[in-house]
Structure formats: C-alpha cells, structure tokens
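**Q** Next up is a structure, given as structure tokens.
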Amino acid sequence: MVSPRRRAAIEFVLDNLVWFILVAVVAIFSFAVPNYFQIGIFANIIEQATFVGTLAIGLSLLIIAGYMDLSIESVMALSAMVIGILFAASGVGLGITLTPEWLVVPVSLAVALAVGAVVGATNAFFVVRLKMNAFIVTLAAYIWGRGLVVALSGGRSAQEMPAALRVFAIERFLNVPLIAWVSIVATLAFAFVLRKTPFGRHLLLIGGNPVAAYRAGIRVDRLTVITFILAGAIAGLAGWLLAIRTSGATANLGVGMLFQTFAAVVIGGVSLKGGVGSLTGVYAGVLLLSSIQTAINLMGMPAHFTQLIQGAMVLAAVLLDTMKLQIRKKLA
Amino acid sequence: MTAREPLLSLDGITRNFGAIEALRGITFEIGKGEVVALLGDNGAGKSTLVKIISGGLEPSGGRLVYEGREVRFGSPAEAKAAGIETVYQDLSLCTNVDVVANFFMGREIVKRFLGIPILQERAMEAATAKAIADAGTRIPSLRTNVEHLSGGQRQAIELNRFVHWGGKLVLLDEPFAALGVEQTRRGLEMIKRIAAQGISVVIITHIMAQAFQVADRMVVIRQGQVAGDVRTEDTTADEVVRMITGEAVKPPRAPIAEARTTGPA
Ligand SMILES: Nc1ncnc2c1ncn2[C@@H]1O[C@H](COP(=O)(O)OP(=O)(O)O)[C@@H](O)[C@H]1O
Ligand SMILES: [Mg+2]
C-alpha cells in the first residue's frame, strides 16, 4: 500500500515522464555535442517537429479513443500532392493562380483538409459501419493512399509553390518559422479540446470502456466517425505544411513519418490500450525525437544511423508503456 | 390504498440469440412507484430483459408500453431520455478516469464560452462529493482513477449515480453483489426511499431476504418465461424458491401491488 501523497508524486512523474526525459536528453546533448547549445539549434528542433507533431495530434486522438490510424502518412502525402498539382508552377503542377494572390492560402488549405477528411471518412465507414478492424482498414488506406499519390503524379514531382504560401515557411516569429507555429497552435488547441470539452472527455471514456460510454448515452459511433475524419483532416493539414516547406510535392514525400509519429505518440505517454494520454505529452515526445535527430546530424553520423536509433526508440517506447502500466498496477 | 397505474407494460417480449431463445414471451406490468423483484436462476433471462427495457438490446418480438404509449428504445440514450436509469450487472464504469468523470459520464456540466462547451470540473466535483456523502459512501479522493478503487466502492458509485439522476424507472441488475452488510442495508433503504418518491424500481437479486425486504411484488423468470408473478404479502420464500426451480405450479398473475400508505396516490 502506497501513501496517497507518494502515489500522487509517482503518478505526476509517470504522467510527465517524457518532459523529464526531454530535459535530460537536451542537457546531455548540450554538454556532449559541440555546437548543440544554441538558440538556432533549438529553433531547428522545433521546426523539424512540425510535420510529425501535426500528424501526432490526429493519431493521438484516435489511439486515445481506442482505435488506430496507419493511413496518416499517405494522407499527408496525398493532400500535399493534390495541392502541389493544383498550385505549383512547374513539374506536374498546373500552376493555377487566383486573384487576389493570397486567396491561394485559404483555398489550398481547404483543399488539403478536405482531401484528408474524405480519406478519414472512408476509414470511418469501414470501421464503424462495416465493423472492420481499424488496423487493417487504415493499413489498406496507407497503401492505396500512397498508390494514389504515385498515380496522380505519374511518379514525377510538383515544384514552385506560390509565394503567398512560401511565406509561411520563410517568415519567422521568435526564430521559428510560421509553419511550425501552425503546428504548435493546432497542438495547443486540440490539447484544450481533449482536456476541457465534453468531446475530449468522451474520447477518453470511449477509449476506457466503450460499453459503459454507450450505456451512459454517449453516441459512441458518431464520435468515432468524427474522430477518424478529424485525424484525416489533421493529416491533410500536415500535408499542406509539408507542401509549403518543400515548395511542392514528390511521390515519396514523407515516407517513414508514420513510424516516427507512432514513436512520438507512445513516447509522449499515450497508451496503445486507449483511454490514456495528453497532447502536451505527445508534443514533448515529438521534440524528443527531433532533438535526437538533430544531435545525430550535428555529429555528422550517416543518415541510416537515424533509422537505427528510431527503430530502437520505438521498441523503447513500447517497453516504457508496458513498464508504466506495471508500475501503475503496483500502485493500485 | 389505491391501485397504481402501470408505468411500463411488457407484452409477450421475446429475444433470440441465434438458436437460443433467451426470452419466450414475457408479460408483466410495473406500476408507478412499485418495487418489483425480478427473480430466477442463472441464465433465466433476467439480464437480457433488463437490457431490452434499458435500450441496450432490441427485442425479437413483443411490445413495450411505457406511460401508455408503445415504445421502442433504439439505444440506452433514448431510454435514459425517457427517464429509465440502469445499473448493469457488469459494472459500467470507465476505470481510466476519476470518480467525478464517471459520475457525470455523458451528462457533464458545461458552460459555453464563445459557443464552445467547457467542462465545469469544480461544479461536477462538488455535486459528486455531495451525492456520495449523502449516501454515506466513503471514497478517499474523488480525483483518483476508478481503477484504484475496490469493487464495493465501484458499485457504490454506480448506485449513487442513478439516485442522483433520478428518473421514472430504475433497473438494478444484482446491484449489491460486491457490497458489504452495511452498504447493502443502506442500498435497500435507498430503494425504499426512491420508491416513496414515486419512482418505479425493478431489482434483480438472488438473495430472498433482500427481495422480501423491499419488493411489493415478485416476478419469477424461468427459462425465458414468467413462472410466477405474486404480491410479496401473498407468498413465502419457500414458494418463490419452488417457482424458481420449477417445482411449483404457476400461480395466477397478480395485479400491480397496491400503493403503500407512504407512497403517493
Ligand atoms: N449476447 C448473448 N449472446 C448469446 N447468448 C446470450 C447473450 N446474452 C445472453 N445470452 C443467453 O441468454 C440466456 C439468458 O441470459 P441472461 O439474461 O444473462 O440470464 P440471467 O441474467 O437471468 O442470469 C442465457 O442462456 C445466456 O447464455
Ligand atoms: Mg444476469
């Protein structure tokens, strides 16, 4: 039997474990890696976190509600390719221009979100209506989504996004480019939704015990559909940001980000069992991955090292998840 | 003493699970403010019947007449909206969140800012604390996750929850199974109290003494059919046990029990 105060302390550490790890890792790198401790490097870490950070929002919401979405990476690429084809000036880009020129910002954003929402809705249809396994359904979407990207582009790339969009990648606020701020604001907004609104509360309840939530009058199916659509739309937002950053889109855009996102989400304290997690923790997980990657780059290690380390991190994250569960069980 | 109006009439309710006929034509009535004990052996179909009334299962056949109108509850949300509260045999709590979140599950108190509903944690915590204190339940902290609580504490949360929300009909499926002696005594008193407020109660229990303590009427289910429907004062524990085991001849159906003098007219 543990005293309530001690339990509260342990719970606090477990809940915020990833922030402690992040601070420790950054401190170690700052001592050990030459040139690591600079404002510019930290800004770079945050900038790098943009895409995985955005993808992680939708994935976290779905995992917390007890589901799974493997399609996000392909959805991101699909959204990026669609707006690349519509608005980029060269390559497969059609170079559509709008007057006034800034109109391309809301229009391209709306298109990117809509593409994501449509894929999310098809996922939801198979999972909720046809009662198919979310893992399989979204794995299929991961495959056909990427296939659609290649088919649409013919394997070629779109280049030169309009200047009105490029501004978001170039202009900086506090040393951090605007696209990274978009991701941060989205994270904070959904962190608020998850913690403070009935919608967020109901996601936790569904992830904890869907039968109890249903019996309590919560419309479980409806909420699940909304969450799949949200996760798709947020992946669409990540695609919009990525197309701006790369000023276009390639057929293999963002390959590998699914696993980074997964790692970040689990490292961030979201339990794969559902019903547990916070988006601020997930963002810390994203920053942790990003700071490790930055250290690897600075030390001049070859790129495949990053993959090795990321693979190890995924394993470590799942191990950590299991360990936290066991500690919590002992506490009870 | 006046005869009560029926609140809910079940008319020939059937329910099949594939080839299994769990319910084979259940017909009885529940009066306003009446406490009906639903008795029967394991597998008799009691939980299935409760789920049909509470909107969790669709009947395969038969009619439900609630407040004089034929109804069909497509979901627990619809039954709840009609004033039917249920405590299920397998508890309906989310162990990953705290006591307050469970208490207000699906009915959270919110305040709107700029059209966005915001959870009012303080108000919900205060209401939960009051309800739990009123019922004499002791729970160390309302902010601990339910996974850290004992079986008895969990059951107490569910019982307090439905008392707090009230309604017109309460369905209790073996509500005291995990409770101690004192908590059970309080629970039985609580049933009498809410019945006196004019709320109807259906309670499933295996303990004859509990049934005789609170029920106005006993309905015995055997192999998916009504094997007995008797007023408490007209029967004995022995007779009820014989109905449950199938040794007794089925007695004629009893009318809705008359209101006790304590109940509303
Ligand atoms: N979901 C289900 N699927 C198949 N059979 C079921 C289901 N629920 C109940 N049954 C069957 O229906 C019968 C009645 O069960 P139940 O209502 O739980 O009985 P009781 O609550 O009286 O013990 C049993 O034979 C049980 O096996
Ligand atoms: Mg039962």
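Cβ coordinates come from backbone N, Cα and C, glycine included.
These came from TrEMBL, pasted as-is:
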TRANSMEM  A:12-33  transmembrane segment
TRANSMEM  A:45-68  transmembrane segment
TRANSMEM  A:75-96  transmembrane segment
TRANSMEM  A:102-127  transmembrane segment
TRANSMEM  A:134-153  transmembrane segment
TRANSMEM  A:173-194  transmembrane segment
TRANSMEM  A:223-243  transmembrane segment
TRANSMEM  A:249-272  transmembrane segment
TRANSMEM  A:279-299  transmembrane segment
TRANSMEM  A:305-323  transmembrane segment
**Q** Can the transmembrane segment (A:75-96) be said to touch the transmembrane segment (A:249-272) if we require at least 3 CB pairs below 8 Å and skip pairs under 6 apart in sequence?
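**A** Contact criterion met.
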**Q** Does the transmembrane segment (A:249-272) make contact with the transmembrane segment (A:12-33) through 3 or more Cβ pairs under 8 Å, each pair 6 or more apart in sequence?
**A** yes
**Q** If I count Cβ-Cβ pairs under 8 A between the transmembrane segment (A:173-194) and each of A:12-33, A:102-127, A:134-153, A:223-243, which range comes out on top?
**A** A:223-243
**Q** Grab the same-chain neighbours of the transmembrane segment (A:134-153) for me: Cβ-Cβ under 8 Å, and only residues 6 or more beyond its ends, written as numbers and ranges.
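**A** The answer is 62, 67-71, 73-75, 77-78, 81-82, 84-85, 92, 119, 122-123, 126-127, 249-251, 253, 258.
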**Q** Same chain, outside the transmembrane segment (A:12-33) by at least 6, Cβ under 8 Å from its Cβ: which residues?
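**A** For the transmembrane segment (A:12-33), the sequence-distant neighbours (Cβ-Cβ under 8 Å, at least 6 residues beyond its ends) are 267-269, 278, 281, 284-285, 287-288, 291-292, 295, 298-299, 320, 324, 327-328.
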**Q** What residues in the same chain, six or more past the boundaries of the transmembrane segment (A:102-127), come closer than 8 Å to it by Cβ-Cβ distance?
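**A** The answer is 67, 69, 71, 75-76, 78-80, 82-83, 86-87, 133-134, 137-138, 141, 145, 162, 164-165, 224-225, 228-237, 239-240, 243.
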